[in-house]
Amino acid sequence: MPNLLVLVRHGQSEWNKKNLFTGWRDPGLTEQGMEEAREAGQAIKAKGLVFDVAYTSALSRAQETNRIVLEELGQGDIEIIENEALNERDYGDLSGLNKDDAREKWGEEQVHIWRRSYDIPPPGGESLKMTAERVLPYFEKEILPRVLKGERVLIAAHGNSLRSLVMQLDKLSQEQVLALNIATGAPIVYELDDKGGVVRKEMLIEREAH
């Protein structure tokens, strides 16, 4: 089996459902989110994939997704590493606000710039560029070497931390990554060559991204 890396964004959280900016706040999964995580695990299992190690963030929605996926695979006892380097982008002063309320407070154009520019952070928060600057060094130092040793790796994380990884793996430009949305609970399977280049990529579930 070529070097295997599977990415999965956490299932729908309570705050996704309420249309709130979440960031580093820590709501749990909804019933739908748990079901999305189960479906992710079942889709991975149907492909006959298993893992040697799983990485996740310091936030419970990703940890819960990771746990459910591994349970579906009968792999709840493998090594699990939690690290805040994989956390969601910190939305700063937007965290906990309804997206419509934020638009009312700061204006639709300004909120759109914060959400969809690469390097402009919201007040007290992170841009996508800043998120990538903590995600990618951790990936390259801690995770990629294990993949290249032949270990099969799962990463259960967040929309923006995973966008940072996909940007690097798929060699996307800043403009391309801004158009990229990663659906909840939809595994992305990568096979990498011995230098970390992508040999093959497969989306296991087609789900609309929010």
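In case you wondered, yes, glycine gets a Cβ from its N, Cα and C as well.
Record features, source Swiss-Prot:
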BINDING   9-16, 22-23, ARG61, 88-91, LYS99, 115-116, 159-160  substrate binding site
ACT_SITE  HIS10  active site, tele-phosphohistidine intermediate
ACT_SITE  GLU88  active site, proton donor/acceptor
SITE      HIS158  site 'Transition state stabilizer'
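The Cβ of HIS158 (site 'Transition state stabilizer') has 28 neighbouring Cβ atoms from other residues within 10 Å, across all protein chains displayed. In the three-state DSSP classification, GLY159 (substrate binding site) falls within a helix. Between the CA atoms of GLN12 (substrate binding site) and HIS158 (site 'Transition state stabilizer') there is a gap of 11 Å. Rounded to a whole number, the distance between the Cα atoms of GLU88 (active site, proton donor/acceptor) and HIS10 (active site, tele-phosphohistidine intermediate) is 10 Å. Proximity note: of the listed binding-site residues (GLY23, ARG89, LYS99), GLY23, ARG89 have a CA within 10 Å of the CA of HIS158 (site 'Transition state stabilizer'), given in sequence order.
Reduced to three states, the DSSP call for TRP15 (substrate binding site) is helix. Of all Cβ atoms in the protein chains displayed, 31 besides its own lie within 10 Å of the Cβ of ARG9 (substrate binding site).
Distance from the CA of the residue listed as 'active site, proton donor/acceptor' to the CA of GLY23 (substrate binding site) is 5 Å. By the criterion of other Cβ atoms within 10 Å of the residue's own Cβ, the least surrounded of the binding-site residues ARG89, LYS99 is LYS99. Looking at GLY159 (substrate binding site) and GLU88 (active site, proton donor/acceptor), their Cα atoms lie 7 Å from each other.
Among the binding-site residues listed (ARG9, TRP15, LYS99), ARG9 has its Cα nearest to the Cα of GLU88 (active site, proton donor/acceptor). A helical conformation is recorded for LYS99 (substrate binding site) in the three-state DSSP classification.
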